[in-house]
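Taking it in order: structure first as structure tokens, then the write-up.
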Amino acid sequence: MLFISSNLNRQFLFQKKHVGKSKAQVAKESVLRFCPSANITAYHDSIMNPDYNVEFFRNFQLVMNALDNRAARNHVNRMCLAADIPLIESGTAGYLGQVTVIKKGQTECYECQPKPTQKTFPGCTIRNTPSEPIHCIVWAKYLFNQLFGEEDADQEVSPDTADPEAAWNPADAAARATASNKDGDIKRVSTKEWARSTGYDPVKLFNKVQLFKDDIMYLLTMDKLWKKRKAPLPLDWTEIHHLESSQEEACGTGLKDQQVLGVQGYAQLFHRSVETLRSQLIEKGEGAELVWDKDDPPAMDFVTAAANLRMNVFSMNMKSRFDVKSMAGNIIPAIATTNAVIAGLIVLEIFLNKQPNPRKKLLVPCALDPPNPSCYVCASKPEVTVKLNVHKTIVQALQDKILKEKFGMVAPDVQIEDGKGTILISSEEGETEANNNKFLSDFGIRNGSRLQVDDFLQDYTLLVNLIHSEELEKDVEFEVVGDAPDKAPTPSVPEEGKNIANGNKDSAQPSTSSKAAAEDDDVLIVDSDEEPSSSTMEASPESSNRKRKHHGADTDDAVSKRKRLDQQPADDDEDIIALD
């Protein structure tokens, strides 16, 4: 059995003292205390590592998911479909949760139905590699609690030294977790304890622990994170204070809350909000705590300022107070009790409702839906239609924004169906980099052109039909014609027998089959903590009868590419393998 999990710090196996350590290693130690006869190997890794290819998944009779991000869920869904292995998918959102079975050809797969916008986020992404404004807003809310509210181990804001992507070797991760207090000139103590020792000095908070200078410098030492990402840029209070005022004019028109300030403006707002919140703590007395409320002006000012300063550090466009407030009030917290209930029910097809249904049931079993014949993942011949402007869309955008981000591929190879087998994108490093900044039209792509896209790691082929359009809405680069994956169905009240939770089908769906697992391997736990960046993944190769025509090469190249990542089965004497 293969068990893949992330954010295990919310589970009963983990305590506050374990923060910063490899979750799989801690899980192993915790389990051995109450089941010493188990054989467990702990791995600190990402499930999207190409080493875990289709042949690896075929070693198991069953896969169980407990992931917290859609990219990893999509990836495991496709690997199980390719390996023809049943997948049990589970998930929670606040007080709601569900468990469902995905079996190839018999049930919907995870991607058969559209999913709503994600409202919970991986810890590694929040702490180390934010890529969207919402990640910075979540971080700022966590920071508010760490400084002024009730401290929560699940809401750490300092760099995550156990990030699987930052250090693949468990020994490296452990070394970072116990790094010298001199690293980045940061003394690793409680955020609140340190803040109190400074008297909540806004300038010291800005420059030192957990914020915009020293912790960013510490992140820069985790160099593996920045090989294929733009590195963050630390902010210094003194330098910001001397910015020319002409550079700091507010952008936007209309109400004050809808204006976007400059870096200096948000730094000043941070200073004022910290002083106000400090005064509120003093008024409440020793040991007092504040509760974040989006309708409390000082609290909202703090989150707006902190979030925007972090956006600036990570080279994102900053947001108005109005935008931050709308997003900050729509984040679903993780509930440990819900996770525990769903974990206990993971072997059942079940949904946990927020309130009893008409039959007064909280736990509702449901029938599995058949596969969606138009699903672009599990259909017999997956196919999608994309509308874009071929004269304005470059190859790099096709790869990163459409194939990887939208359609969840890891290492796509793209061939133009032009009668010549022209290779537009290759997952082999360096083969097609010269194409990256060219427009699609430069390759003869026009209205009605078709692209065959292969992801050999996922053993997945997708046919992409292109519609050229010069009438897309402003700031819209492309549209998926038909049932777009990001358009959630209309929310409705779950009823017994319906495969709906939290107003939508946002959990598992089909996977496959009856392949024999390694003889004595009962459970494999993969702890995949972060939402991996597709751009960091290498190509992988599986043996298959599929053929692709490579310009100037034959199909043997594809077969050899797949074979590179074949992996031996796990040792026969291990009952449980934990992968972090």
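Glycine is treated like the rest: Cβ placed from N, Cα and C.
Per TrEMBL, the listed range annotated as region 'Disordered' is 153-182 (candidates: 3-32, 153-182, 183-212, 243-272). Fewest Cβ neighbours within 10 Å among the recorded positions LYS23, ARG73, LYS115, LYS141: this applies to LYS115.
Taking only the Cα positions, the spacing between LYS23 (ATP binding site) and LYS115 (SUMO1 cross-link) is 28 angstrom. In the structure as shown, the Cβ atom of ALA71 (ATP binding site) sits within 10 Å of 21 other Cβ atoms.
In this view, ASN69 (ATP binding site) is surrounded by 21 other Cβ atoms within 10 Å of its Cβ, with every protein chain counted. Using a 10 Å Cβ-Cβ cutoff, CYS124 (active site, glycyl thioester intermediate) registers 25 neighbours. Considering only the recorded positions ASN69, ARG73, LYS115, CYS124, the residue whose Cα is spatially closest to the Cα of LYS141 (SUMO cross-link) is CYS124.
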